[in-house]
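A short write-up of the structure that comes next.
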């Protein structure tokens, strides 16, 4: 009995000794694995996984209980109105939980059925416009994402829409996916009228009285009833957008070119099936709009969807090639990882060998559209050329890797949509070259007839191809060939889309059906939980932008960009002063960031050197600041220092006279002249909020303060007063007195110490242990998935998955 008691006490003391941050990371991995156990993806399985996590960890100790609350309440998946009502009552009873909610997901909400109708739901009043607004007011301190769907479109009145679009909150991701109808449209128009009170001016010259600098992601997918002038007003209010989904909306040519402001951070854009947009407007947008053409933009496009309906489109081959060339001209081809040009006609040459490649200023020139994409889009991982009839031989040439003489053009394509291709049919789908020509390809999307042919081959619904070591040889040696297995993905929830994927033991398993339908128990009768994820290739097949960060963020980079966390919390459990944290309350961004500034030259001065001070009375005074420089240049001082008789006893540090720095306090008056009054009003409001709530100064305010920048400009860039007195033998910046040994040691140091997150972009260079290749492969896959998460996100459950993967 004493032994049992001592063991219990030792385990409790051990649990208390572990820092909560470490426990948080461990439980985060468990929480992520359980919620990704989503094959097949049903609401019952989600609730079962959540219940398993709560029962396993909630009652261990106080630390586990607090961490479970942080993880569970962060992402609120509201599937029924009754669940929403229960959550609202819980928040009213415990206000500390309000700060833990970051995501409100209504995309799977439905309560119609089981004997209920929409009229009965209105009478129950579990979820109405009043209760929804009350929920938003309670969670405004830390709510980052609001994901709606068509099932709550009638509950989104003008007060809710005005509240969502108004500045002063940390809400960064807004998705109205599928919302339409007369009630929703009238509410949207009424809410926007409050931001555009002056109706006497032409609607295309109107400016909002307030702008929201916090919202970075906006989804209007399938909002078909919103008029074009309403879209104009919405886009004018959001100058800091990074992700914009306008798929299947009523946007027209004028709104596309004149209504979109100059977004410098845009990375994701979807203009799919916008029937009122002409090819000319799209080409003018990609040719002249500063969002695409400005070389000073912070980001370039990484995700682009311009697919159209082929039989009702006026696009031709010249338009498509012109669009691709404009993407290359403005540098987007170097960062694009997703490109959907389904329905756009492509020019197909008889053979790549008959279409010579010539290098020009911005791109490799050729006539064939596929060859142009192959040579000029090296980072592309997902490509859709749906509706184009391309021969199998041309597809094989396109997927075949480029020679090693051009390493910068190496292809990384993983997903290819060739549905609607008349050459890929039930007679040609079994061509083995289509499955073995590309080492990086993991999935193909084909038409139903082709997919059904593979499904009927055997009971396992798979096809096995062989990759030979000498594919060009007449005699094939199957004993040395590599076996490649491709399988049909069967899931009835995705409508009319059919995929073939290459199986592997980690990301795209071939035993999904057998494992998901099998329940196992141990010898004591406890259920064995086996994590079965959806295939990883589905994230490349999505046609809708994933706006948020998902159930559990896999990388801090995406969260930092989407949420604009300028001052992230030091800990989930302790604040910056060391006290117990009940939830992070970040400050919203209500003012634009300062312009980029300009280069200046600052002259070094040595306060401790009296000779230099005396000599300045005999020589011409050198101005403290020069005018802005067009490019960074340093002035040489070798000749002047040797010719100056007063500089005989000057220390080596004082010989460094000129320094170059980037002055962020220089304002672009022309850019800010129209916004000066508005910024001052927003700054006054922010000061009032800070005074009332006693908030601390944010890092953004501290680093972008012009007074701070001017004080910094008076500091010595190359030497401080302490270093001058203690170090008299500073090496020369020109390299005249530096030794080769120090240079070699510095180069060796740089070679051994990689920059932060280096292996996320170069996973193939990572080696965990030369004797353990399996663990090395797992690490490489992890780095690759985290890097892809920044652009593609992850395939979640619910209505988002339906809209993202539907036909």
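The backbone N, Cα and C atoms fix where each Cβ goes, glycine too.
Keep in mind the model is a prediction, meaning the values are calculated, not measured.
For the ranges 716-739, 740-763, 764-787, the feature annotated in Swiss-Prot as region 'Disordered' maps to 716-739. Of the listed segments 566-606, 607-647, Swiss-Prot assigns region 'Disordered' to 607-647.
Along the domain 'F-box' (220-266), the predicted structure has mean pLDDT 94. In the domain 'F-box' (220-266), the DSSP tally of helix, strand and coil residues is 16 helix, 3 strand, 28 coil.
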